[in-house]
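What follows is one structure encoded as C-alpha cells, with my remarks underneath.
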Amino acid sequence: MDIIRTIEEMRSWRQKAGRVALVPTMGNLHEGHLALVREAKKQAERVVVSIFVNRLQFGQGEDFDSYPRTFEADRDKLAAAGVDALFLPDERELYPRIRQDFNVEPPHIQDELCGAFRPGHFRGVATVVTKLFNIVQPDAACFGKKDFQQLHIIQAMVADLNQPVKVVPVDIGRAADGLALSSRNGYLSAGEREEAPRLFRELSRIRENLIDGENDYASLEQDARATLEQHGWRVDYVEIRQADTLELAHAGEKRLVVLAAARIGKTRLIDNVEIFR
C-alpha cells in the first residue's frame, strides 16, 4: 500500500491508476469504514482511502483537538484490507493559508437536522469533499448511510456541479445490539455503551409503526424523544423526513427516513432508518 502525503504525489499516482474509488475518512477506522473499502473494491480497480481530520467541519467547542488520531492502527487495517493507496495530507497541504476563502455552500438543508446544531458543518464537509474529488479525481466514492444528511448533500452537490464521480451509498454497519458503528463510540463509558442501542430501538419502533400505516408523525417523534429523555439522553432531534429529498414528510408518503441525534453523557450519536411502504 502506497502512503501519499502531498497533492503532487497523489496526482502523479492517479495518472497511472486506471479506474479509482475513493473512501474519504477522518481516521480512527472501524468495521464500518472497512465495509466502505470492500464496496470500493467492487467499484474500481484501485482504491484510495483518505484520512484527514477536517477542521472546517468542526464547530466551536466540538472535539477537533481530541478526535482520535490512530494512524498506525488505521494503516495496518487498510493494508490488510487490500487498499492500494492511503492519502494522508497534513493540514497545510490541503489548506496552505490555513483559512479557506472559497467554500462550497450547500442549500438550506445544511441548516436543518444536524446542521441546526452544528452551524457550518456541512459547508466544511462539502468543501473538503470537493477538494478531495479535485485532487484524487476518483471515478467512484463510497459514503456510509449513517451520515444520511451528509450523503444527501454530497449526492446533490455532485449532481448540481456535474462532478464526474459516482457516489455509492453503503448501508449502516451495526454492532450485534444494533448500535451504529461510529468512531465516537469509543468515547462511551461502559454504562453509556450499554444504554446506547436504545437510540436504534426507538427508531426501529417508529419504523414498525410507519410500516403498519401510522401517519401521526409528530406523535411518533415526540414519543421517541420522551423515552430517550426518560433514560438520560439529551435529544437534538428525532424527525421523519422524505427519504429522497429530506424535505418534511407528509401523511401517506411511501419513502421515508427517520433521523435522530442525541447525547448520552458527553457523546453525541446519530442514527437513521429508512422506510419503504
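Glycine is treated like the rest: Cβ placed from N, Cα and C.
Here's what Swiss-Prot has on this protein:
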ACT_SITE  His33  active site, proton donor
BINDING   26-33, 144-147, Gly173, 181-184  ATP binding site
BINDING   Gln57  beta-alanine binding site
BINDING   Gln57, Gln150  (R)-pantoate binding site
Checklist entry - Can you name the binding-site residues among Gln57, Lys145, Gln150, Gly173 whose CA is within 10 A of the CA of the residue listed as 'active site, proton donor'? => result Gly173
Checklist entry - Out of Met26, Gly32, Gln57, Gly173, Ser183, which of these binding-site residues is nearest Gln150 ((R)-pantoate binding site) by C-alpha distance? => result Gln57
Checklist outcome for this item: Across all protein chains shown, the binding-site residues Met26, Leu29 give the max Cβ-within-10 Å count at Leu29
Next on the checklist: Name the residue among the binding-site residues Gln57, Gln150, Ser183 whose Cβ has the smallest number of other Cβ atoms within 10 Å.
Outcome noted: Ser183
Item to check | Distance [Cα-Cα, Å, rounded] between Leu29 (ATP binding site) and Gln57 (beta-alanine binding site) | outcome: 18
Checklist entry - How many other Cβ atoms are found within 10 Å of the Cβ atom of the residue listed as 'active site, proton donor', counting all protein chains shown? => result 25
